[in-house]
Amino acid sequence: MESKRQLTREELLEMESAPKTKMQHMLDVVICFCPYFAAIIMFLIYYLMPDAVQNFNPHVFTIVVCFFLALYLIMVVRGLLNKSYFAKVRHKAPLYSVIILVIMLYDFLTVKTGILKQPFFPCVNTILCAIIDDRALLLKSTLYSLRLLFTGYFIGAILGLITGVACGYSKRINYWVSPIIKMLGPIPSTTWIPIIMVLVSSLFKGSVFIIALGVWFALTIASSTGIQNVDKAYLEAARTLGAKGHQLVFRVAIPHAMPNILQGMTQGMSSACTALLVAEMMGAEAGLGWYIQWQKSWAIYSKMYAAIVLICLIFTAVTFILNVIKRIVLRWQEGVVK
């Protein structure tokens, strides 16, 4: 009896890249239009099913959804003209469809049936109206939060990179700094908020310190680990070619540790976002975290949810930008890292 031979990686790639049949291509096109099918179902329920609670200016929701559907239509048209881009649209279509269905379910549980009670769970249309009505203060709070976030992030990233590279390259420095990192690092940066708010002269400076502390720890650990894992053969080869101390660091060690450094930057941003919200909620003078606490104290939950939606969008955008930077910087890894 013949044993079954496993397909090689090259054979699998060849099978995946093989041209699809006409039926398979039509199925992919149908899948790309699934978000529109989901949107039609959502609109039918939204307009034909009676509301259980009051829903003012219901057309705001429709306009916003149609705007995003129009953007998606541009993506689909571009995909039909570009084979590689079509694969991306085909990959995202089920996710977009599920998002629409989740929004439909949430509206069904709030405005259509009232299972989720008002005002604690406002419908999507009410949240969108709150964003429009309070857009001036939301914009001011957003700019304050971004200023606070990036000030603390860049300070923590610069100090963390310097500390991590120094600890990774010098055993003497690592001897003194490593115990501090091991003792203070695992403690969440938000734990220090009560102490920092007493010591600093302004709430803004205290919040910056809390954010920078979390970023510093994440980047110090990541960059130190990356530097320590540099193959000694690379350093010896560079010394043979006449490289000096600073050249070994900037031309050999740091480029080799760049994947770890960028991973630490991503982790640091996650820590910074958490510290930002906690700091603003506990005593900042402005910002989205302060806005959420303020609206919650007045029981205006629609505006509270509006700020939460903006926070999700901002953090998603920041993470996307970091991933783009990571792909650009680590472009040399394509075809090397499997």
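Glycine residues also receive a Cβ, built from the backbone N, Cα and C atoms like all the rest.
Feature annotation from TrEMBL assigns transmembrane segment to 26-48, 60-81, 93-109, 144-171, 191-219, 272-292, 304-325. What TrEMBL lists as domain 'ABC transmembrane type-1' is 142-326.
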Same chain only, please: residues at least 6 beyond the ends of the transmembrane segment (144-171) with a C-beta under 8 Å from a C-beta of the stretch. Say none if there are none. 177-178, 181, 204, 207-228, 249, 253-254, 257, 261, 264-265, 268-269, 272-273, 275-276, 279-280, 284, 286-289, 311, 314, 318
If you count every Cβ pair below 8 Å, which range out of 26-48, 60-81, 93-109, 272-292, 304-325 shares the most with the transmembrane segment (191-219)? 272-292
